[in-house]
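In what follows, a single structure is set out as structure tokens and then discussed.
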Ligand code: CAA
């Protein structure tokens, strides 16, 4: 009996050791496998409103916007542009570079939901001819959901390395006319392809996160525009940054000096400046102003002329950094602070992959921004406040100049079309 028992024990020990070795190999493989952003592209609308026009109309010194808020222009979506048409514009150049049949999931992050039930990604699925063996999910938490999508997609690829996931963040930031938020509108969509062995950014493990039930910005179901307690929202943003930073350092052991460039959620560029100052103070940084600015200003260039794009805004900032830092960013560590009012926030990092510059789509970003048409104030008001979308049937005038267009509603069903851009307006 005893001999049998001893044999059992020896067998069990050997089996345990084998399992342990096998598991440690799996863990090792997962640890060394890089996952992150393989391709990234953004889209914005074909129109903008200058803050000079805005300031003149409101009778306010334009420097309040240029200097105080840090905004020069805001992208304005025409009535026939929505999050689906913007998202399609952002995704299409990525699909031209890969086999679209390989996409296994789409995570669509947005504050600007278009249906209470059906996810926006399913409209996109048809418009872009995505494979039927593909999951679609819509993610919501104000401006935070894009970061949540990125983290979830990264985790999914770590478990199933063959997955190729599109994370899309798309929003049209709209506040009431004459409200404090009106100067901080804008729109845009960012599409990111998440894969193993990514060519642009490896997402690093470990992040700091924070949730608190606050009413700083919200949009009840009956409203097209957000409600905001503006000054309070800026305070909650900054305190959330401090909480996530503390959690991030506990989780990762990293310090401020380990990070080469800082990307923040950018509702308006002065907010990102304030965030950076807050972090510098928290870590007692000895950097002088020029050194400190150099770590974050390149990420603000596009947002300054696009405006807020809620869930997309942090990633528009990242693209701005990639497109505008002249030196090579190979192996540089980038931090990301995502803030979604209400509120949920997260601080995490990624490392730029050598050779990233060969797959950037900088020219498309620059062209879209340069080719926008400037609006006068009355046309901006027409675009933003004159269409009643709460109708079962609605035909929209053709103003969207891009390939993908939200053309209206028939019997409560939204309709989208593809057009040849040159045939449009
Ligand atoms: N020249 C230079 N600077 C001037 C100036 C002038 N002529 N006039 C005013 N300024 C400065 C002010 O001194 C002020 O600077 P500080 O912030 O450093 O004090 C700045 O310009 C703004 O002036 P006001 O405070 O008077 O501006 P405001 O009352 O219009 O409100 C705001 C500003 C609260 C940010 C408002 O734009 C707002 O409500 N925005 C929407 C909410 C928002 O974006 N919150 C950010 C955090 S929440 C978030 O991030 C999620 C999200 O995306 C919404």
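Glycine too: its Cβ is placed from the backbone N, Cα and C atoms.
Note that this is a predicted model, so its numbers are computed, not measured.
Here is what TrEMBL says about this protein:
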DOMAIN    54-196  domain 'Hydroxymethylglutaryl-coenzyme A synthase N-terminal'
BINDING   61, 175, 274, 308  (3S)-3-hydroxy-3-methylglutaryl-CoA binding site
ACT_SITE  111  active site, acyl-thioester intermediate
ACT_SITE  143  active site, acyl-thioester intermediate
ACT_SITE  265  active site, proton donor/acceptor
DOMAIN    280-358  domain 'Hydroxymethylglutaryl-coenzyme A synthase C-terminal'
Length of the line joining the Cα atoms of residue 265 (active site, proton donor/acceptor) and residue 308 ((3S)-3-hydroxy-3-methylglutaryl-CoA binding site), in Å:
9
Among 61, 111, all listed as recorded positions, which has the most CB atoms within 10 Å of its CB?
111
Reported as an integer number of Å, what is the Cα distance between residue 143 (active site, acyl-thioester intermediate) and residue 175 ((3S)-3-hydroxy-3-methylglutaryl-CoA binding site)?
14
Relative to ligand 1, which of the recorded positions 61, 111, 143, 175, 308 have a Cβ found under 6 Å from one of its atoms?
61, 143, 308
Fill in the CA-CA distance, residue 61 ((3S)-3-hydroxy-3-methylglutaryl-CoA binding site) to residue 111 (active site, acyl-thioester intermediate), as an integer in Å.
31
Between residue 175 ((3S)-3-hydroxy-3-methylglutaryl-CoA binding site) and residue 111 (active site, acyl-thioester intermediate), find the distance joining the two CA atoms and give it rounded to the nearest Å.
13
Between residue 274 ((3S)-3-hydroxy-3-methylglutaryl-CoA binding site) and residue 111 (active site, acyl-thioester intermediate), what C-alpha distance do you get in Å?
24
